[in-house]
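> Structure provided below as structure tokens; questions to follow.
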Amino acid sequence: MRQSLVIANWKLNGDLALLDSMMNGLSSQTGYVADVVICPPAVYLAAMQQRSLATATDSFKLHVGAQNCSEHTQGAFTGELAPQMLREVGCEYVILGHSERRNLYAETDALIAQKVATAQQQQLKVVLCVGESLEQREQGQTLDVVTAQIAAVLAADVDASQLIIAYEPVWAIGTGKTATPEQAQEVHAAIRQFLNQHSGVGEHIALLYGGSVKADNAAVLFAQPDIDGGLIGGASLDVEQFRAICSAVKG
Ligand SMILES: O=C[C@H](O)COP(=O)(O)O
């Protein structure tokens, strides 16, 4: 049985007050089928871990995730955060290869592969983001782009069976244009098949959809057979919306 996950990526948003209201709001309604992960800006990670422990019960815990990490474990890299530092403050997950990192910070497939390897060596669960631009989709290159992004990571010293992959079409991120359930399912199925062919792990790893997921479209996306949950940006900053999205994952 594959893991179901809903992950909040706050990006450069939020504050301690939102952290408190989100933790209280989510933990006041438990019984989610999916594991729920919140990835706030890094300065809030330790505070989130404290709150996660304080609100945890035998059956429910909010998991802590980071939005990025260094490919290095230590050294003269001003401003960077090493995976084991993230682990030490309670992080279990890290998002890598997000299109904003690829496009705004020029992260290459090679750098992302290095980051994935280092993060896994330090026992972080990696959420690898992949996705095509609008131009690439219009030119029929979606599956080639997405599988090439994954292949670059599989070529490095990584454990494919421990990856979580988030398919996020770049044209759907923060635009209000969601991929249709059929478009998303087609790419997820292709990713699973590709992973089966290249490392035999396709049936076992969680594949998430991201890109303008909201309370009113989450259920239909998550009902697709190869979609195991979501990576949520804007709607993860609203307690009620995010709670509804978490509840939209069914067993
Ligand atoms: O990491 C999250 C994705 O970039 C999706 O963002 P969005 O839900 O605001 O479109």
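Glycine is no exception: its Cβ is also placed from the backbone N, Cα and C atoms.
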> In TrEMBL, ASN9, TRP10, LYS11, GLY174, GLY233, GLY234 are given as binding substrate, so which of SER52, SER199, SER212 is in that site too?
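The record-listed residue among the candidates is SER212.
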> Name the residue among the binding-site residues GLY174, GLY233, GLY234 whose Cβ has the smallest number of other Cβ atoms within 10 Å.
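With the binding-site residues GLY174, GLY233, GLY234, fewest surrounding Cβ atoms within 10 Å: GLY174.
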> Taking the Cα of GLU168 (active site, proton acceptor) as the centre, which of the recorded positions listed as ASN9, LYS11, HIS98, GLY233, GLY234 lie within 10 Å of it?
HIS98
> What is the maximum Cα to Cα distance, in Å and rounded to a whole number, among the residues ASN9, TRP10, LYS11, GLY174, SER212, GLY233, GLY234 annotated as binding substrate?
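Between the most distant Cα atoms of the substrate site, 14 Å.
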> With the Cβ under 6 Å from ligand 1 as the test, give me the qualifying entries from the binding-site residues TRP10, LYS11, GLY174, GLY234.
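Among TRP10, LYS11, GLY174, GLY234, near ligand 1: GLY174, GLY234.
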